[in-house]
Amino acid sequence: MSSLTGASSTGKLSREEYRRQKDLEAARKAGTAPAEVDEEGRDINPHIPHYMVNAPWYVATGAPSLKHQRILPTFTGKQPEVDSGKVGSERLNHWYARGRKQGPAATKYRKGACENCGAKTHKTRDCLERPRKQGARWTGQDIKPDEVITDVNLDFESKRDRWNGYDPKDHRKIIDEWELIEQERKKRKAEELDRALREGGQNDGDKATTEKLKRAAIGDDSDDSDADDDRYAEQADMPGQKVNTKTRITVRNLRIREDTAKYLRNLDPNSAHYDPKTRSMRDNPYKGQEASAVPFAGDNFVRYSGEASDMANLQLFAWEANEHGNSSVHLQANPTQGELLHREFKAKKDTLKKDIKNSILDKYGGEEHLQAPPKELLLAQTENYVEYSRTGKVIHGQERAVNRSKYEEDVFPNSHSSVWGSYWEDGKWGYKCCRATMRNAYCTAQG
């Protein structure tokens, strides 16, 4: 029995038992004592740390074992229950059996099966086969086998396992794709270097550099760092910076950071608080200045600008609706439905407020007190300039000035007896006396 496992099952060890336990562990690590054997007859590596060997209290079996660290080797398609003898991580990594079939297909159509392919594990509307002109229900041919229906009842740990159902073999496709891209890149790089060599006009130093880059491009150069330096140096052509690939400078970690850190905008320790963990400064570091006149007005300025407040109200409405039992409102799953329901909710809320207000006014009265008085009476001041005499008589300033026209009034040029604009015809202004529509025309009216 494992020493620490025995300690967890029998209680606290005495000082002598603890000393013998440590001596046995040291002998097993040195190889002078046989390794510990689990319940399946396999040796337990003595160099495995205790926190990996010791099973948690809720899955401890009282015997030395690493079974709680292993997963189920084969997948049977049925989710094991918690109390069915499965311990530790054997209850994890159970997912749906995608694409698996239940043995051979049926030879004739069965009642209740899919009318398109003949499988009995799904309905016709859920069939993923190509729609046939005549389904298996009427032809009785090419009936597909039934799919494996997995009953996945996830427990507390499986629901929170972010990698549950993930197949690591899928990542191999990405690796193969990147390897093909890298091979094509090396091939094109070698062709470009060969073309540069054939063009000629290079000295010995440039030829040596080109040969070295060619070997690095096809993977024959052991010094990959030089090729990486050249690769990054070619992409570092920034304004105000001259990069020469022959100087072998490493520019992969160099960046032009022209932006100012948030905590350097105001060095006053009593200014806006900067949280280094989240890298956020919510308040405005420039106290006493308008938010539009400073380059940075705090994270809250961006958070409460634009449609951010409307989005926050929609999220709050979805949460409150979920608390009241309406689980169909979800901002991320269906934002359009959430916005429409929110508008309908606000309209009903405003209507309810108006109905309550009208009912109270009808019952108790007092509607005349809700009408606001004029602004002059409410504030007892106005911006209109009025000048009074010693006796309190208004001298001037009471009457509002009349808007004047840009044309001179009561002026009749060119012998006209009416002003310009007193006549209108076919979209043109004119003189009423002679009906002339030309601005500077002489009057032709007869006395």
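Just so you know, glycine gets a Cβ as well, placed from its N, Cα and C.
Here TrEMBL flags 1-12 as compositional bias 'Polar residues'.
Annotated compositional bias 'Basic and acidic residues' per TrEMBL: 13-28 (among others), in sequence order.
Annotation comment: TrEMBL describes 204-218 (among others) as compositional bias 'Basic and acidic residues'.
Residues or ranges marked as compositional bias 'Acidic residues' by TrEMBL: 220-231.
If you look at the compositional bias 'Basic and acidic residues' (274-285), the same-chain residues 6 or more away from its ends with a CB under 8 A from one of its CBs are 262-263, 265-266, 291, 294, 296-301, 303. The compositional bias 'Basic and acidic residues' annotation in TrEMBL covers 274-285 (among others).
Sequence annotations record features per position, and here TrEMBL assigns domain 'Pre-mRNA-splicing factor SLU7' to 154-422.
The feature region 'Disordered' is assigned by TrEMBL to 1-44 (among others).
Positions annotated as region 'Disordered' by TrEMBL: 192-240 (among others).
Here TrEMBL flags 267-286 (among others) as region 'Disordered'.
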Can you check how the pLDDT averages out over the domain 'Pre-mRNA-splicing factor SLU7' (154-422)?
78
Its residues classified by DSSP, the compositional bias 'Basic and acidic residues' (274-285) shows 0 helix, 2 strand, 10 coil
For the compositional bias 'Basic and acidic residues' (13-28), what are the DSSP-based totals of helix, strand and coil residues?
14 helix, 0 strand, 2 coil
